[in-house]
Amino acid sequence: MPKRSDINHVLVIGSGPIVIGQACEFDYSGTQACRVLKEEGLRVTLINSNPATIMTDPEMADHTYVEPIEPEYIDKIFAKEIEQGHPIDAVLATLGGQTALNAAIQLDRLGILEKYGVELIGADIDAIERGEDRQKFKDIVTTIGGESARSRVCHNMEEVHETVAELGLPVVVRPSFTMGGLGSGLAYNTEDLERIAGGGLAASPEANVLIEESILGWKEFELELMRDTADNVVVICSIENVDALGVHTGDSVTVAPALTLTDREFQKMRDQGIAIIREVGVDTGGCNIQFAINPVDGRIITIEMNPRVSRSSALASKATGFPIAKMAAKLAIGYTLDEITNDITGETPAAFEPTIDYVVVKAPRFAFEKFVGADDTLTTTMKSVGEVMSLGRNYIAALNKALRSLETKQQGFWTKPDEFFAGERATDKAAVLEDLKRPTEGRLYDVELAMRLGASVEELYEASSIDPWFLAELEALVQFRQKLVDAPFLNEDLLREAKFMGLSDLQIAALRPEFAGEDGVRTLRLSLGIRPVFKTVDTCAAEFEAKTPYHYSAYELDPAAESEVAPQTEREKVLILGSGPNRIGQGIEFDYSCVHAALELSRVGYETVMVNCNPETVSTDYDTADRLYFEPLTFEDVMEVYHAEAQSGTVAGVIVQLGGQTPLGLADRLKKAGVPVIGTSPEAIDMAEDRGEFGALLNREQLPAPAFGTATSFEEARTVADEISYPVLVRPSYVLGGRGMEIVYDEASLEDYINRATELSSDHPVLVDRFLDNAIEIDVDALCDGDEVYLAGVMEHIEEAGIHSGDSACALPPMTLGAQDIEKVREATKKLALGIGVQGLMNVQYALKDDILYVIEANPRASRTVPFVSKATGVNLAKAASRIAVGATIKDLQDEGMIPTEYDGGSLPLDAPIAVKEAVLPFNRFRRPDGKTLDTLLSPEMKSTGEVMGLANNFGAAYAKAEAGAFGALPTEGTVFVTVANRDKRTLILPIQRLALMGYKILATEGTAGMLRRNGIECEVVLKASDIREGVEGKSIVDRIREGEVDLILNTPAGSAGARHDGYDIRAAAVTVGVPLITTVQGVTAAVQGIEALREGVVSVRALQELDHAVKA
């Protein structure tokens, strides 16, 4: 049936900030949807609070609202669009993850959809509830003749205990309507049950959890399906988890297609999947269904479904080349599958199920090093922060490629000594087998080590529950390793076999010391003519010719195998190196810059080539660049892509400055290997990173910087610290996201840091800087063409210096800097950019203290603030930087209208909106091994996974929006609990007085209460948790927070051990029940301004396209 004629205007709901369980795969799906709907002639309005997304670019929709994804803001958007003569007909909520689905349910329940006569498309409320509500879904599985695990939905702890009495322990706890397994877990005893089920009830928007019999150790599978209004159903992809049930699918290594199913099992699962999608009622889009199979008797159980595009959908799309989100958007507006053409072949309809003739492996990326003390056991709550995908001709080759794509310290098997990851267990088979019973991020390395120590497949299956087929594949690799080690010399056949199994030159060199590193292996390999061939992802196993060049590398045993890379055009090519897996410190913001570079350079006549391995991103969509290579971002893999491209045409250069630290780290070696690195040169990159050279530049230009020194031992570090005086900031050189960075207040802490963190310094010394207490931190993005500098954005941090810039809220334009301060910033930035030799983007961090502007650091690359600054000022910095890299000047770009001439980021027009960026932190995902929450205090070590933006005409309203978008909506009435360190008491009198005058009830601990009362502020004294521990009778503040009696917490950390412990208890309780928590003085002041704006009702919505200075597409 053709497109519906009654839908002319669609509101697409995005997924908001990047959080664990919901990452940039929804930017990818939402971007596809917006493009499709606009191509179909519909008017598109978008709401998404995340500025770091491609979908929030003004050209992606007719009206883009960067607003919190909350019913009250969506209500304002409906009203505003009617006011402007563009009433919204339908809402598409199936492409924005769980956030969008939950928003759609709230809009329905609050009567907002009915009020404006708007319908839901993609999946209606009934289908969403039938798929998401645990009991309803369980009933559907029974109706179609399927089987679920024995379970019961519980609404309170009493029902939970009754159910467990029936099922017995252990049990699985699964809350309804959450994503990434938030609030779920495995309860082995009553204590676990109380903690996990209590947290699950709090995490579920419906306040219910499913308590389910344990089916740990079963095999887990997923099917990705689509259905249209004519009842056509296609199964796009099957996915198998290498880890057994009990590890969240987002934390497991997964493979596509499923490799260990019998044909009978697959057909049975497929039949059940089709029956479920029909019974649930998803008839205009896609869904994902998870199954478990008992390895002993083949019994199949249906676990759950997502009646929407999910994280697995993005993986299935990239794995098969079948654009699920694009198809889902077309189905939502009335098309049927047989009416839609497959883009990749250009001739088959979407009703043809994809066929793949390769193996895909997805591997998760973790960040436990950022959360000291966190329990690293993998359970049903997702903890990974990113993922990679690799494609190979066989499982082991794809697995090896995936492991080196992760960019962890261990770059694949054998690249580090066994002691590096196994410690004392490196020679103890029994200890390794024992450890394998507890799933952790390094378990595949443990499996491989245990095999070398003599463990059999049976023993390993018993310990890990990993299917024997996967274990046998690893066993074959271990046997080949021995062959490689034992060979008297490395001949052509052996080297070909090693490469066929996916081993990198680095892995081979680790086993053959005569090569003295990977360069030796590379020289031999090239002399023997052993290079990869590049295969094409075509959705049809080469049955039809692919029209879109989407490639992966493979080494064949046959020397005559041919590559499938053909010249597309006569245009010069530019390779853009992506940012690899999301991790804390390097996420979607860098992908944003890579995507814009690809689109802009393609527009001005270059053939763009994207190299990346992250399946969640827009950059790895097959139609972002002219050609896509799904490859690891290592020197070896990038060089092979460069060689393949150079064989088929002229390569103008490689851009390394947009993808974060990953490609930047390759710049030097690429240049030495003869690859033209365009944009900022590798020498300039090194100069900015080298403390000696950079310090010399600062001296020449007379730019102040905090006193610093470098040290390679504790003794040296102590000498430096004594000279420049405490507190000092210590860190390894060459880091991103503040990894390994700490503020140290005394010698004992310094010694502790050196003992713990020197391992991070990777042959670079530890840096010791004077820490500027109570300074204002300033973040600057700028463009430089070698002669001229454009100041793109000046951001003032709301938190004081000492909190990582990625975790601090910031405002643009700056709120407290005067014209003189900004002029100092402009002059210093110009001197730095020209002195370093920047060609493109540069980010500088400054600290302003006592009217002196100190340079903290300069990074000659795209920063994580580029998308935020671009949205706030209307100047697309990534596009501009890509043009400068290929020779354009700032004057050229001003003449084109890409960069304004009448103002810059330091002198924005008076009517420019105020933009506030706020970080989103994942503390609700991590616990200590004893089950307690991690402390939520911010530090120089970055911990946030994502960000949101608040836009308004005044700071208070912008800050309030940013907090609401970051899941910390400020209360407009109620009870505020205040407990602050002595040093902060004087500063906080005024903001707390304003709260009291607005009618808030103030609770305070004894010391803080005395100070407040002396200043005429009425408050109630509360007991601390330590008072109760010491025998004082009554209810502690921690209990009151847990029982919902507190609406906002203001807690600045104190120095003494007892006070720190009380502070931790308070912050942990706040995280558990989701009460907004502010831990800095500046944050309190900003929050009071935000609350005032909310109470005065001055918070309105405004589309990016309406801003006078927005760059029009």
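Backbone N, Cα and C atoms are what each Cβ position is placed from, and that goes for glycine too.
The feature ATP 1 binding site is assigned by Swiss-Prot to R134, R174, G180, G181, E213, I215, E220, G246, V247, H248, Q290, E304. Within the same chain, residues at least 6 positions away in sequence whose Cβ sits under 8 Å from that of Q290 (ATP 1 binding site) are E220, F221, E222, T249, T302, I303, E304, M305.
Here the Cβ of E304 (Mn(2+) 1 binding site) has 19 other Cβ atoms within 10 Å, regardless of which shown protein chain they belong to. The Mn(2+) 1 binding site annotation in Swiss-Prot covers Q290, E304.
For Q290, E304, the entry in Swiss-Prot reads Mg(2+) 1 binding site.
Residues annotated as Mn(2+) 2 binding site in Swiss-Prot, with sequence analysis given as evidence: E304, N306.
Per Swiss-Prot, the feature Mg(2+) 2 binding site maps to E304, N306; the stated evidence is sequence analysis.
Taken residue by residue with DSSP, L772 (ATP 2 binding site) is part of neither helix nor strand, so it is coil. Under the heading ATP 2 binding site, Swiss-Prot lists R731, R770, L772, E777, G802, I803, H804, S805, Q845, E857, citing sequence analysis as support.
Within the same chain, the residues at least 6 positions away from Q845 (ATP 2 binding site) whose Cβ sits under 8 Å from its Cβ are E777, I778, D779, V780, S805, V855, I856, E857, A858, listed in sequence order. Swiss-Prot lists Q845, E857 with the feature Mn(2+) 3 binding site.
Taken from Swiss-Prot, the feature Mg(2+) 3 binding site covers Q845, E857, and the record attributes it to sequence analysis.
The Cβ neighbour count for E857 (Mn(2+) 3 binding site), using a 10 Å radius over every protein chain in view, is 16. DSSP classifies E857 (Mn(2+) 3 binding site) as strand under the three-state reduction. Residues or ranges marked as Mn(2+) 4 binding site in Swiss-Prot (evidence: sequence analysis): E857, N859.
As annotated by Swiss-Prot, Mg(2+) 4 binding site applies to E857, N859, with the evidence given as sequence analysis.
For the domain 'ATP-grasp 2' (695-886), the predicted model reports an average pLDDT of 87. Feature annotation from Swiss-Prot assigns domain 'ATP-grasp 2' to 695-886; the stated evidence is sequence analysis.
The annotation region 'Oligomerization domain' is assigned in Swiss-Prot to 408-565.
According to Swiss-Prot, the feature region 'Allosteric domain' maps to 968-1113, an assignment based on sequence analysis.
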Longest CA-CA distance among R731, R770, L772, E777, G802, I803, H804, S805, Q845, E857, per record bound to ATP 2, angstrom: 18
Conformational class of R134 (ATP 1 binding site) under the three-state DSSP mapping: helix
Neighbour-count leader, CB within 10 A, binding-site residues: E213, E220: E220
Helix, strand or coil at E220 (ATP 1 binding site) [DSSP, three-state]: strand
Position of peak Cβ density within 10 Å, selected from the binding-site residues N306, N859: N306
C-alpha spacing of N859 (Mn(2+) 4 binding site) relative to L772 (ATP 2 binding site), in angstrom: 20
Tally of residues which DSSP labels helix, strand or coil - the region 'Allosteric domain' (968-1113): 72 helix, 19 strand, 55 coil
Euclidean distance between Cα atoms of N859 (Mn(2+) 4 binding site) and R731 (ATP 2 binding site), Å: 16
Which of V247, L772, the listed binding-site residues, has fewest other Cβ atoms within 10 Å: L772
Helix, strand or coil at Q290 (ATP 1 binding site) [DSSP, three-state]: strand
